[in-house]
């Protein structure tokens with residue numbers, strides 16, 4: 001478990017100013033983005049009043065958030081979370097189809113504040129020919145007001161939850177997938193892949209990482225190897241990651257959000273929500 005130490009990555013240097021156009025709310029702060037693997041996110045969690053309330057509080061912290069490991073054939077969990085969020089603000093939702101090779105399927109779900117973010121496109125990556133990914137990346141292109149540019153800006157956010165046993169092969173293939181998806185969105189200034197990559201400990205060692213393109217070269221990792229993204233006290237693993245491709249992207253304050261103290265939870269209560277903490281960063 002880590003403290004709230006933050007990490008700054010600036011890929012382009014510009015003067016940060018305040019404006020807001022086309023009816024978007026004026027604000028001087030950057031866009032808050034997160035990825036959160038909510039273990040087995042389904043009806044049971046959103047039917048539990050206390051747990052559902054805490055999940056809403058976590059999600060409400062952000063302007064855009066990717067939820068992974070959505071497992072609910074009825075659609076209740078996602079719909080109920082969306083309903084609760086819209087009780088106090090205006091939220092949009094875009095989710096993938098259920099993905100997986102077997103009867104075990106998961107969905108990716110993006111929630112976003114509609115007064116700050118517009119979805120301008122989406123793409124479900126298809127690798128059926130090679131079948132490397134258990135859960136193929138799902139991408140959205142967002143338009144938001146950039147305080148770094150003093151203008152509207154577009155960025156692609158790519159969701160990926162790797163299969164632990166296939167982490168090495170999936171992460172070796174991720175750079176190619178990012179480039180293919182990035183090329184589909186001509187107006188985007190960059191692409192950020194994020195999610196539970198299982199990129200540490202027993203699934204991926206340091207020697208393997210050094211050989212992988214996704215952790216070097218044109219790709220900038222926002223979450224360091226020394227980070228702990230897990231809830232359990234007995235583990236220290238940087239499973240969850242965010243990786244940037246594109247030099248015209250400005251992000252800051254990449255870190256793990258340890259929600260236990262903010263929500264007044266003990267370890268057992270936190271673990272009931274998930275075995276992962278959200279990773280978060282600010283998009284300028």
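Just so it is clear, glycine is given a Cβ too, placed from its N, Cα and C backbone atoms.
Features reported for this protein in TrEMBL:
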ACT_SITE  106  active site
ACT_SITE  161  active site
DISULFID  201-237  disulfide bond
DOMAIN    35-276  domain 'Endonuclease/exonuclease/phosphatase'
SIGNAL    1-23  signal peptide
* Structure fact -> Long-range Cβ list for residue 237 (disulfide bond), cut-off under 8 Å, min separation 6+ in sequence, same chain only, gives 200, 201, 228, 229, 230
* Which value does the mean pLDDT take for the domain 'Endonuclease/exonuclease/phosphatase' (35-276) in this predicted structure? -> 97
* State the count of C-beta atoms found within 10 angstroms of the C-beta of residue 161 (active site), not counting that atom itself. => 26
* Structure fact -> Rounded Cα distance, in Å, between residue 161 (active site) and residue 106 (active site) is 9
* Give the number of CB atoms, excluding that of residue 201 (disulfide bond) itself, located within 10 Å of its CB. => 14
